[in-house]
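As recorded in Swiss-Prot, the features of this protein are as follows:
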- Lys179: active site, proton donor (ACT_SITE)
- Gly7, Ala8, Gly9, Ala10, Ile11, Gly12, Lys74, Asn99, Ala123, Glu261: NADP(+) binding site (BINDING)
- Lys179, Asn183, Asn187, Asn197, Asn246, Tyr247, Asn248, Ser249: substrate binding site (BINDING)
Amino acid sequence: MKIYILGAGAIGSLFGGLLANAGEDVLLIGRDPHVSAINEKGLKIVGIKDLNVKVEATTRVPEEKPDLIVLATKSYSTIEALKSARHIVKGSWVLSIQNGIGNEDKIIEFGGKAIGGITTNGAMVEAPGVIKWTGKGVTIIGLYPQGKEKFIEKVADVFNSADIETHVSENIISWIWAKAIVNSAINPIGTLLEVKNKVIRENDFLLSMAMEVVKEGCRVALQNGIEFDVPPMDLFFQTLEQTRENYNSMLQDIWRGKKTEVDYINGKIVEYAKAVNLEAPMNLLLWGLIKGKEALEGKK
């Protein structure tokens, strides 16, 4: 399968590297110095697996369309990425494996055929051309917002053959919301206190607060017509257990002096609450506190 990874950061490079290693025709689209390092020495994957993969990388979007575009940018870069790839997005299958709510809607606005996706795999860029696979997780994909499609079954088969455990859902929008709700509770609390995820699980005050954030997100989702395949509270406890030793991605962004994705997680939950005349005070508070922390960190 001819696959372009649009946004060759940590997760994008991990998926692209594993797919290329399995013999798929992969092109990583990203930024220097990461792209240059991959073209010079190959893509090195360390951690869960140790691989050195020969894979093509570029900073420019090609003219030719692939079979599948995997969108793996940060959510705040979605529009910029889709604009740069407008000529290949239109009429093409585009799979989002991003955090947050609303990325798939943007794909549709640009004329793409949207496949929703979530992944619990963990990865980080250790150095240009080097990706650390920090946690082996599960990927769930499906026709957005709901439904069946034979091509998506084929994508899942390709991913599974590349050691990316993948399942297909006919209700992918519910998984996107469920993951966003879990992230809305764990990420801001872990970021504000600068602690590993296990601290939230082990501290009664933090755990009860995080659980209230999950409940609030569920109320907003249900009022917006989302029907969950799996209760987000179950996913919340499962995530805390599986990522006990992790510093969450929002905190890692803050430490690197980068913008976080809070606007597309807590911010979106607040936005959807307003749309159905609900209030989401805990999400509103966490959203504001993270935006404040972003601004303060930026001034250091």
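A Cβ is built for glycine as well, from the same backbone N, Cα and C atoms used for every other residue.
Worth saying up front: this structure is predicted, and the values here are computed from it rather than measured.
Structure with Swiss-Prot features highlighted.
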residue : record                    : DSSP class
Gly7    : NADP(+) binding site      : coil
Lys74   : NADP(+) binding site      : coil
Ala123  : NADP(+) binding site      : strand
Lys179  : active site, proton donor : helix
Asn187  : substrate binding site    : helix
Asn197  : substrate binding site    : helix
Tyr247  : substrate binding site    : coil
Packing count at Asn187 (substrate binding site) (other Cβ atoms within 10 Å of its Cβ): 24
Nearest recorded site to Gly9 (NADP(+) binding site) by CA-CA distance, among binding-site residues Asn183, Asn187, Tyr247, Asn248, Ser249: Ser249
Residue pair Asn197 (substrate binding site), Ile11 (NADP(+) binding site) - Cα distance, angstrom, rounded: 20
Spatially closest candidate among Gly7, Ile11, Ala123, Lys179, the listed recorded positions, to Asn246 (substrate binding site) (Cα to Cα): Ala123
Spatial neighbours, same chain, of Gly7 (NADP(+) binding site) - Cβ under 8 Å, 6+ residues apart: Ile29, Gly30, Leu71, Ala72, Thr73, Lys74, Ser77, Ala81
Residues satisfying Cβ distance under 8 Å from Ala123 (NADP(+) binding site), sequence separation of at least 6: Ala10, Ile11, Ser13, Leu14, Gly47, Ile131, Lys132, Trp133, Thr134, Gly135
Tertiary neighbours of Tyr247 (substrate binding site) (same chain, Cβ under 8 Å, six or more apart): Gly190, Glu194, Val195, Lys196, Asn197, Trp255
Inter-residue C-alpha distance, Asn248 (substrate binding site) and Lys179 (active site, proton donor) (nearest angstrom): 13
Set of same-chain residues at least 6 away whose C-beta sits under 8 angstroms from the residue listed as 'active site, proton donor': Asn99, Ile118, Leu235
Diameter of the NADP(+) binding set by C-alpha atoms, the set being Gly7, Ala8, Gly9, Ala10, Ile11, Gly12, Lys74, Asn99, Ala123, Glu261, in angstrom: 17
Residues satisfying Cβ distance under 8 Å from Ser249 (substrate binding site), sequence separation of at least 6: Asn99, Asn187, Glu261
